[in-house]
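Here is the structure we will look at.
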Amino acid sequence: MSAIPAENTNKVFPELQDIETAERPPIQRRVRQRLTSRGATAAAVIIAVIWTIPTFGLFVSSFRPEDNIKGNGWWNVFTDWQFTLANYEDVLAPGGSQSPNLGSYFVNSLAIVIPGTIFTLVIGAMAAYMFAWGRFRGKDGLFIFVFALQIVPLQMALIPLLQLFTQVLKIGDLQLFPSGTYAQLWVAHTIFGLPLAIFLLHNFIAEIPGEVIEAARVDGAGHSTIFWRIIIPLATPALASFGIFQFLWLWNDLLVALVFSGGGADVAPITQRLAELQGSRGGEWQRLTAGAFVSILIPLAVFFGLQRYFVRGLLAGGLKG
Amino acid sequence: MEDIAEKGLQVVVALAIFAAIIGVIMLIVDRAPKSAREKVQIAGFLTPALILLAVGLVYPALQTTYLSFTNAAGEFIGLDNFVWMFTQPEALITLRNTVIWVVLVPLLASSIGLAYAVFIDKARGEKALKALVFMPMAISFVGAGVIWRFVYAYKGAEADQIGLVNQILVWFGQTPKQFLLDAPENTFFLIAVMIWIQTGFAMVVLSAAIKGIPTEIIEAARLDGASAWQQFRNVTIPTIRGSLIVVVTTITIGTLKVFDIVRTMTAGQYETSVVANEMYTQAFRAGEPGRGAALALVLFLMVLPVVVYNARLLRQQKEIR
C-alpha cells in the first residue's frame, strides 16, 4: 500500500540480512549497555513469550487426544504426557460433508493460489515494463492512475464484479468464468493484486540500466525479446519478493473466497473451510486445532524458508489487505 | 487421489490457456508492420492489465458508488442508506467499533513494535527474537482467529478451564469470563488479535529504520551524556519519523479493512461488528446490496485521507533528497 522511504531501504537491507556484521560498540561500552538494559531485556522476553504462547498452545493441543483437549488446558501436558496423530488423520481424511475433509480444501488453496500468483506476476510485469521503458503520451498520468487504484478497497469491487461474472460475461447461457470453479477466483485475485504489482515491479524495472536495453534495441530486438530475455531475468529478485507476498496474501484470503467460491469442497480454499468449522463446530477443538495448523503450515514454511525475501517485500511494499 | 488429479488438470489447463494468450500477444507484437510496431507493442503489453483493472476495479468502484444510493429492489432512494448508517443503533455501534479499532490498533501495535525493536537491538539472538514476534504475520486472520478463540475459550466455573486467559483468572481467584460475548469489552479482545498480528510488521520495519541511523549521531549523543531515554526521545524518534509514519498509516489502512478476524471470531454479533464486516453481512447475507455499497463507500472515504497523506509525505521526502 505504501512504500518505505527509499533512503532507508538501501541502507537497511544488508544489515537486516546479516546482523552479525553490524557495527558494534567497543567492549567496555557494550558491558555498560548490557547492565543498564537488563530491564529492557526482561521486557523483550515478556513480549516474546506473550506473542508465542497462543500459537504454541494451539500446536501442543493439536496433538492431544480429544478428551484431553476438551477436558483440561494444554499446559497439563507437562504432567500428563499423551500425544496422538488422530486429530490430523481426522481432519485430513476424505469423507462425507460432515467431516472436515481439509485435504481437499488444502488442494483447492494450492489450485487457487499458484495460478493467481503467476497471472498477477506476468501481467503486472508486462505493464510495469511499458510504464518504465515505453514511450507514449500520457504515460505518467496513466501510471499515477493505476497506482491510485490501490486505495479502492476490495469491498467496493465485490458486488459489481460478482454481477459481471454471473450476468454479463457470458455467451448465451454459458458463463465465460463459470460460478463454482476456480476461474472467478483467479481473475478476481489477479485484478486485486495488479495495482500493487505494477507499482512495485515498475520501481524495480525502471532501475535497470538504460544502456542494456538500448544495446538490445540497436541489435534489432523488439519489446517482446527485451522483456523475456532481459527484463524478466534481471527483475527476478523483485518478482520473487512480490511473488511470495502475493502467494501468502492469496493463501490467507477469506473475503474474496467467500464471495466467489460458492463454498463447496470442489473450489473453496482451506481458510474458508476453517472459518466454517469455527462457526458450525465451535467446540470441536480437536478438529479446529489440527485444522488451523494444517492451514498455517504452508505460510509458516514459506515464512521460515524465505524470510529474507518476505522481509524485503514487506519493506518495499508495505501491506495489502 | 482422483480429486487431486482432476484439480491439477484444471490448473494445468488454465496455465496453458494463459500461456497461449500471452504467446498470441507476443506474436502479434512481433509481427506488427514496421510503421505501427511501437504503438502495437505498447498496446500489447499494457492492454491485459488495463482491461482487467477497468473491468475489475474502475467499473465496480463506480457501480458501487451508484448502488449506495439504491435500495434492495434497485430503486434510487437518495441518501437513505447513509441516513440508516448514521441513525440506526446497530449501524452506529459498527461505526463506533471501527473508530475504536482504528485508534487502538495502530497506536498499540506501533508502540509495542517500536519498544521491542529498541529492546532487542544488537541483543544476543536478535534474529530468533524477531522471528517469534514476526511469525503471526504469516498466519492467516482465520488461523489467528482459531488461535485466539482457543486462548479465550470459556468453561463454567466448576469445570477445568481449557482457555489460557480464563485459567489465569482462576489462578488469581476470579470467576471465568465469556470474553467474546460480553459487550462492550469484547471488542477490545478482538482488537488484541489484530495487535498481535500487526506488531511484527511494525517491529521489522522500525528495526530496519533504527539500524539505518548513522552511528556518528548516536556516538555524539552518548558523548554529550544523553541517557538511554533521552537518546530514544531526541535521536531515535526524530530520525526514524518517516518509517514510523509509514508503519502507522499502513496499519491504519489494514485495520480499517479488517474483516476476517471479526467474521471468524464473532461474525459481528454481540456488538462487535465493524464496517468491513457489516458491509459483507448487508450485501451478501442480508440481501441489502445498497447498504453494503454505502458501507464500502464510507470505508473508501475513511481510507482516502490516510493514503493521500502518506503519498504526499513520500513525495516531500523525495523532493528533499
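Each residue, glycine too, has its Cβ placed from N, Cα and C.
The transmembrane segment annotation in TrEMBL covers A:39-60 (among others). Proximity of distant same-chain residues to the transmembrane segment (A:39-60), defined by a Cβ-Cβ separation under 8 Å and at least 6 residues beyond the stretch ends, is recorded for 74-75, 77, 289, 292-293.
Annotation source TrEMBL lists transmembrane segment at A:105-130 (among others). Cβ atoms under 8 Å from those of the transmembrane segment (A:105-130) belong to residues 92, 146, 182, 185-186, 189-190, 193-194, 197-199, 201-202, 204-205, 223, 227, 231-232, 235, 239, 242-243, 246-247, 250-251, 257, 265-273, 294-295, 298 of the same chain, restricted to positions at least 6 beyond its ends.
The domain 'ABC transmembrane type-1' annotation in TrEMBL covers A:106-306.
Summarising the annotation, TrEMBL assigns transmembrane segment to A:142-165 (among others). Sequence-distant contacts of the transmembrane segment (A:142-165) (same chain, six or more residues past either end, CB-CB distance under 8 Å): 1, 127, 131, 175, 177, 179, 184, 187-188, 191-192, 194-196, 198-199, 202, 255-256, 259-260.
Residues 1, 3, 112, 115-116, 119-121, 123-125, 127-129, 131-133, 143, 146-147, 149-150, 154, 157, 161, 165, 177, 231, 235, 237-239, 241-242, 246, 249-250, 253, 256-257, 259-261, 267, 316-317, 320 of the same chain sit 6 or more residues outside the transmembrane segment (A:185-205) yet have a Cβ under 8 Å from a Cβ within it. Here TrEMBL flags A:185-205 (among others) as transmembrane segment.
Remote same-chain residues near the transmembrane segment (A:226-251) are listed as 109, 112-113, 116-117, 120-121, 124-126, 129, 133, 189, 193, 196-197, 200-201, 204-205, 208, 212-213, 216-217, 269, 271, 298-299, 302-303, 306, 309-310, 312-314, 316-317, 320-321 (criterion: CB distance under 8 Å, separation of at least six residues from the stretch ends). Feature annotation from TrEMBL assigns transmembrane segment to A:226-251 (among others).
Marked as transmembrane segment by TrEMBL: A:288-306 (among others). Note on the transmembrane segment (A:288-306): residues 58-59, 61-62, 69, 87-88, 90-92, 100, 102, 106, 109, 240, 244, 247-248, 251-252, 270-271, 273-274, 277-278, 281-282 of its chain, located 6 or more positions outside it, place their CB under 8 angstroms from a CB of the stretch.
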